[in-house]
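Read the structure below first, then the notes.
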């Protein structure tokens, strides 16, 4: 899959979906159009690692189809659920300004689409250009129900960097031989950690470093001297990934559909939920070699994880096919699996473009300040369950795994939060008393407290419209320090500061970057550290925020922001659509 840049879009569109954009380009930058797509969610037999399984897909594809749009366009996606599962689709990173009914997380902004039912998602792309993605947002179905969103600039508007020869979505995922719904169901039943994936994938393919997978390898063909844009997406369920291409430098130009000051790296880190556009310039002359593109996990977890490596191959065109397979192949050197310093060094280089055309509108003064602790904890064993029994397989065999924000392990309701808020019938669905700070301060990155149990509840944090928010998210070492990629629905935010150890409100704000901090929708809370973000609550509705490590979200590392209507007509949440799914 590939689509060329805006400046050379017309002669180089190859995909059917992109052809519609080409036609629109001939009309100039006059007005936005509506892009319409049809998603048929159903079961498909897919073979990987010498095994075949039936799994949920969209339009029979894995990964699913790419959505193409230009900044300013409207998008309509008719989702028909022909699978046996309840389903909803989240358009990850799309701002959803005044379109919260279409954001997608089940039991937050909508009830799920039941088998045999359908729902049309409608939203506009506003102030974003680059790469986002879509995925199922219920249970662990996003393992196979996901695909790219390619957002081009308005017709006639160039990139703020040299136009690439070609653009290639590159989506990282995980492959399980087993049914992922059974994997998480078993983990929740036992209270222990889930089984890990059997492989990572690159555009759905495991690559030659796995047994029986040489033919299932993603290959990128390039021409000497040409520059290519890789649209990187981490769709893996539970792993942050290092990525590198042997003997080639990558120039980062965009993250989470927002331009950044370009910088060159040998290796980058990309967390689940994050996207990044990078430029790769091919060698000036035919090198007579091939090059591995590798991705493998970054983790500090104390438990088990998928410690394997996915490989694609970069090949130069105009080589003799008969001899190509005998060419030497070079392999990049990736950081150690727990190299937190490499992650910190990379993230410190990210800066907003902060130009006249693309300003960084960082709130300079904030109205509300919050401190959220994020991390793992425990639940007691089920009543009557024997220690080390079948339903008590968490830490030390004496508890069940849990996760929380400010000691609240979030429980999804059985009806949608947004509808409960809109109708004023929130009683018994959620409470509006989510804690602003940890209820019991402690040494967050030091010796853990004796009591590691967390509370459960369905609580929202209410914000008046227009509130300028500063949120510090602090990792805890209760069950070991771990990085947590936190995703905020409905907003972009500015990452104004980060560090290791406990956040110090007296000293750390003096080091904030309020000039050109990176803007994104998903940020990694450093292992054993903290991150500070700022955003303006200018989008009325109920907005999910959660760890994008799926196992942590299943254990409760999630919460909801409730942004009230403003006074003006364009500051109020519209009524729900007629076809909104019902619980």
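Using the three backbone atoms N, Cα and C, a Cβ is placed for every residue, glycine included.
Note that the coordinates shown come from a computational prediction; the quantities given were computed from them, not determined experimentally.
Summarising the annotation, TrEMBL assigns signal peptide to 1-24. Among the features that TrEMBL reports, domain 'Plastocyanin-like' is placed at 41-154, 167-318, 434-565.
With helix defined as DSSP H, G or I and strand as E or B, the domain 'Plastocyanin-like' (434-565) counts 9 helix, 58 strand, 65 coil. Taken residue by residue, the domain 'Plastocyanin-like' (41-154) breaks down under DSSP into 6 helix, 58 strand, 50 coil. Here the domain 'Plastocyanin-like' (434-565) has a mean pLDDT of 97 out of 100.
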